[in-house]
Amino acid sequence: MAKQSINWRDDILQQLQDRNQKQTKSYQDLIVQHNRLFENYNTLYSENLHLNILNEKLKSEGKGGLGSNSSSLGDIRHQERIQQLEQKLLAQAEELAELHKRKGENAQQIIDLNVALQEKDRQIATRDVGLADSSAKIISLQAEVEMLTKSNKELKYLNDTLRDEHQALQLAFASLEDKLRKLQDENRQLIERLIKYKAKDADRMNEENDNFLKKRYAKMQKEIEEACRDTRGNSPEELTEGMGPLYHQSSLPSKVNVKYDAHEGEVSAVKWSPVDRILATGGADRKLKLWDITKGTFENKGTLVGSNAGVMAVDFDSSGSLILGASNDYATRVWTVADQRLRHTLTGHSGKVMAAKFLGEASKVVTGSHDRTLKIWDLRSRACIETKFAGSSCNDLVTVDSAGSIIISGHFDKSIRFWDSRSESSANNVLLNGKVTSLDLTRDAKYLVCCVRDDTLKLLDLRMNQQETRPILSRSPPAATHGKNDEKQHLLDNSAMDSAVVQLGSSAGSPSDDPMHNRNLEHPTSNFDTMIHLLKGNIGTGILAMPDAFMNAGWVVGLFGTMCMGVICTHCMHILVGSSHELCRRTGASSLSFPDVAESALRTGPKPLQKYASYARTAINIFLCITQMGFCCVYFVFVAANVHDVVKHYYMDIPVHWYLLAALAPMILLNWVKNLKYLTPASLFASVVTIAGLVVTFYYMFQDLPNISSIKAFADWSRLPLYFGTAIYAFEGIGVILPLENNMKNPQDFGGWNGVLNTGMIIVASLYTSVGFFGYLKYGERAVEGSVTLLLPTDEVLAQSVRVLMAVAIFLSYPLQFYVPFSIIWPTIDNHFHTEKSKEIAEYVSRTALVLVTFIFAVAIPNLGAVISLVGAFSSSALALIFPPLIEIITFWPDKLGRNNWLLWKDLCIVIFGVLGFVLGSYVSLMEIINPDKKHFLVLCDDLFMYIYYFFVKQGFEVDLIWPNYNFETKPSKLRLQRIFLSLYE
């Protein structure tokens with residue numbers, strides 16, 4: 001070590017000497033010239049002295065010679081010689097003066113060079129000091145190099161050991177892959193067998209259903225024949241004349257004369273043309289067909305297409321040139337009979353359109369729907385000119401006078417309502433004993449025939465609004481007699497009616513005031529199916545973000561907070577279901593959606609709020625759209641982030657925005673699929689992959705768990721709003737609660753302490769709590785990524801495969817989340833287009849535009865955790881915590897809020913909690929996206945405190961009474977105080 005130090009010093013000294021020689025080389029010529037001039041100066045100086053001596057000698061000799069009287073030629077020459085010497089002496093004197101002058105200049109230059117040399121010496125001394133420091137550092141670095149060399153050897157040994165272990169694990173993994181492949185093959189075989197069994201069960205059920213229908217039709221045919229054979233009632237001669245139209249020369253059919261397969265499925269509507277022997281039929285196959293029966297046979301005159309769902313009602317205008325069809329796709333369409341072209345599409349209802357009629361003239365149409373409204377349309381402007389709220393689903397309607405000013409509608413709530421199209425409210429309301437399913441008028445428009453679900457047929461005298469009671473059929477002559485509340489009996493002739501629907505036999509269901517027993521479901525779900533759908537609707541990307549939520553709250557707050565959040569959200573779901581049942585009883589509807597519940601609550605609630613009912617529906621729809629679009633944005637970011645991590649590990653690090661752009665085109669194409677049934681296999685695959693991903697995630701989380709002391713029990717309280725947003729986002733299933741309950745076979749099993757809802761939400765809350773706690777315990781402060789899949793090991797194939805599979809599963813789940821906002825937005829867009837081609841183009845453009853909106857927000861905010869927190873705080877808190885308690889208060893106001901109005905106070909507490917989470921969570925999440933390094937919640941608290949402070953100061957209070965220890969000089973600055981003060985009081 002000492003030898004190396006000496007060599008370093010010699011080398012540096014040699015370098016300094018060489019540099020000194022190079023620097024002094026430019027002055028070498030000047031020094032040589034100075035030395036030469038100095039030598040010349042000495043020579044001339046000595047010669048000058050010699051000449052002076054000689055001169056003095058010659059002068060002394062000259063003086064002696066001049067005293068004599070004689071001179072010689074030698075003296076003259078001597079004088080000339082003296083003169084020459086004197087001239088030479090003068091020239092040498094001038095040269096000497098010049099040399100003295102140059103000597104002075106050279107002396108000054110030498111002084112300057114000496115100063116420069118001294119400066120160089122000082123620099124060399126300084127560099128020597130730096131050299132000494134560098135030598136010391138070199139010595140320390142050499143020691144550190146030796147230590148690092150030793151550590152490197154140890155790490156190499158450890159690396160060799162890990163490589164051996166990795167090879168062993170790869171062998172184990174290869175064997176596990178073989179087992180997994182075998183299990184997958186077995187699983188695929190089991191699924192195929194299950195599908196085959198399901199197909200067999202479906203075929204068996206269809207066969208049993210066909211047999212049941214055949215037996216039911218045979219039974220009904222037998223009952224009709226028996227009813228025609230029996231003679232009931234009194235003789236027509238005993239009846240008082242002039243009390244209504246008589247049945248004469250008529251026969252009641254006892255069997256089917258002609259049967260014709262008109263549609264592929266149920267025939268929902270039949271109507272005669274007013275001018276020709278043309279029959280129009282509408283069916284569940286989405287077609288409306290025209291039949292010519294002039295020759296006694298059914299001849300198809302044309303098929304009218306354009307409906308996207310089953311046709312429920314058909315009507316002709318007075319001239320028979322236009323035909324009207326109402327369908328289950330919430331729309332009504334008008335065709336011309338001559339060329340069978342679609343002329344108008346009327347959209348605006350939010351439920352199935354069950355009835356449609358022309359209002360006198362062919363330019364106006366009235367429609368009735370399951371959305372509990374009647375709408376009057378002007379075909380010339382293709383717009384709705386009036387909407388009448390009926391309070392219950394409309395099943396059928398008729399118009400009385402030729403002008404169409406009087407409208408009669410039959411409803412699900414057992415009522416018949418009379419409307420004057422010139423007035424805003426209903427003119428009269430007749431309550432029957434069962435749900436009204438169909439209506440028709442006699443030709444003279446004096447009697448209204450009503451088909452009711454209490455196994456009776458009612459006739460109303462429109463002149464007195466009285467019921468014709470107890471109808472009895474007779475065989476000879478075939479007629480019908482009935483009593484009336486005027487204490488008289490009447491005989492009716494069926495020739496006076498255009499058509500009447502008579503329902504014989506047992507009813508499809510017993511009447512009940514409970515709306516749960518009045519639902520006619522085509523494919524009701526069992527309790528297990530509902531449980532599966534409930535779990536699927538609540539378990540999404542939010543569960544993967546729970547470790548991030550626990551990191552923002554601490555494990556103690558996270559555990560108890562998530563449990564409490566689950567209890568509150570589940571209670572709000574019960575509130576929503578209970579309010580829906582109460583509103584169904586009021587309106588007669590069999591089921592209501594979330595927007596329907598909000599609108600009905602205000603429509604049937606306190607009078608000051610009734611005018612805001614439509615705004616309530618709009619608000620719910622807006623928040624549903626924001627929530628679902630937010631989910632779509634989260635899905636975009638989730639897919640891009642997971643694929644980015646996988647590609648970064650194996651190939652290269654490409655910015656995440658490029659992955660978002662790469663996912664855009666397939667996402668648009670996937671959302672062009674209109675029918676969700678085509679995505680069922682993809683949804684099934686996504687569900688299986690999600691379950692497998694969660695299992696593998698738990699497997700990694702439970703490996704080598706650290707001590708609980710390694711994580712925070714209580715995090716910084718300024719991060720609590722972020723925890724709230726993420727946690728409330730996770731409980732995202734409020735939107736699916738009512739659809740699930742409405743479609744249950746046994747809806748009474750949905751509630752209750754051990755019902756489907758409580759059981760499912762306990763499972764959901766337990767999963768959220770487990771993933772959040774163990775994920776935070778495993779990964780600690782690294783849980784900030786926003787998804788636990790991003791924290792899985794990057795060097796293991798199983799973990800990377802989970803990331804890819806979860807990304808694919810979420811990608812395939814995107815259309816399901818996208819379906820809700822598009823189904824809300826599309827009817828508004830559809831109203832602006834009138835041809836099928838333009839509608840189709842507009843639909844594709846709208847789908848693409850909405851996907852682009854989610855893509856733009858995902859690119860602008862690629863922070864997965866912040867996006868989840870913002871969506872949860874802004875929209876999920878409003879839907880899950882604010883709207884349900886408000887709906888319950890309005891629904892049961894003012895006399896059904898419990899003892900001492902405890903329901904009111906409980907709901908207000910939930911609303912306040914939801915509003916605080918909505919405001920603080922949205923603010924902090926938004927600021928976290930803008931500036932993630934700042935504690936925005938503390939800044940917000942400071943601002944709020946300062947507003948309160950200046951308010952009290954303005955009122956004359958002392959500062960010490962409010963906050964005695966608050967230092968306004970440092971927290972915050974005076975400038976910020978002045979800015980807030982001016983913004984508050986200017």
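The backbone N, Cα and C atoms fix where each Cβ goes, and this holds for glycine too.
Keep in mind that TrEMBL annotations are predicted by a computer and have not been checked by a curator.
Taken from TrEMBL, the feature domain 'Autophagy-related protein 16' applies to 11-206. In the predicted structure, the domain 'Autophagy-related protein 16' (11-206) carries a mean pLDDT of 79.
The coiled coil annotation in TrEMBL covers 82-110 (among others). For the coiled coil (82-110), the list of distant contacts is 30, 34, 37-38, 40-41, 44-45, 47-48, 51-52, 54-55, 58, 62: same-chain residues at least six beyond its ends, Cβ to Cβ under 8 Å.
According to TrEMBL, the coiled coil annotation covers 159-200 (among others).
For 228-247 (among others), the entry in TrEMBL reads region 'Disordered'.
Here TrEMBL flags 260-301 (among others) as repeat 'WD'. Among residues of the same chain six or more beyond the repeat 'WD' (260-301), those with a C-beta under 8 A of the stretch's C-beta atoms are 307-316, 318-320, 323, 325, 327, 335, 337, 340, 498-499.
Feature annotation from TrEMBL assigns repeat 'WD' to 304-345 (among others). Below 8 angstroms of C-beta separation, residues 265-266, 268-276, 278, 280-290, 351-358, 360-362, 365, 367, 369, 377, 379, 382, 396, 402, 827, 830, 834-836, 839 of the same chain, each at least six residues beyond the ends of the repeat 'WD' (304-345), sit close to that stretch.
In terms of DSSP helix, strand and coil, the repeat 'WD' (346-387) has 0 helix, 25 strand, 17 coil. Annotation comment: TrEMBL describes 346-387 (among others) as repeat 'WD'.
Annotation comment: TrEMBL describes 398-429 (among others) as repeat 'WD'.
As annotated by TrEMBL, region 'Disordered' applies to 504-523 (among others).
Sequence annotations record features per position, and here TrEMBL assigns domain 'Amino acid transporter transmembrane' to 523-926.
Under the heading transmembrane segment, TrEMBL lists 553-577 (among others). Nonlocal intrachain contacts for the transmembrane segment (553-577), taken as residues 6+ away from its ends with a CB within less than 8 angstroms of a stretch CB, comprise 546, 594, 597, 708, 711-715, 719-720, 723, 727-728, 731, 733-734, 737-738, 741, 750-751, 757-758, 761-762, 764-765, 768-769, 772-773, 776-777, 880-881, 884-885, 887-888, 907, 910, 913.
The transmembrane segment feature in TrEMBL is assigned to 619-644 (among others).
According to TrEMBL, the feature transmembrane segment maps to 656-673 (among others).
Sequence annotations record features per position, and here TrEMBL assigns transmembrane segment to 682-702 (among others). Within the same chain, residues 536, 539, 543-544, 767, 770-771, 774-775, 778, 788-789, 792-793, 798-799, 802, 805-806, 808-810, 812-813, 816 sit at least 6 positions outside the transmembrane segment (682-702) and bring their C-beta atoms closer than 8 Å to a C-beta of that stretch.
Residues or ranges marked as transmembrane segment in TrEMBL: 722-740 (among others).
Residues annotated as transmembrane segment in TrEMBL: 752-777 (among others).
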Lying 6 or more residues past either end of the coiled coil (159-200) yet within Cβ distance under 8 Å of it, the residues of that chain are 797-798
Relative to the transmembrane segment (656-673), which of 752-777, 797-820, 841-861 accounts for the most Cβ pairs at distances under 8 Å? 841-861
Best-packed against the transmembrane segment (619-644), counting Cβ pairs under 8 Å over 722-740, 752-777, 797-820, is stretch 797-820
Please figure out which one of 722-740, 797-820, 841-861 racks up the most CB pairs under 8 Å against the transmembrane segment (752-777). 722-740
Which residues of the same chain, at least 6 past either end of the transmembrane segment (841-861), have a Cβ under 8 Å from a Cβ in it? 629, 632-633, 636-637, 640, 657, 660-661, 664, 667-668, 671-672, 674, 818, 821-822, 825-826, 829-830, 832-833, 867, 870, 929
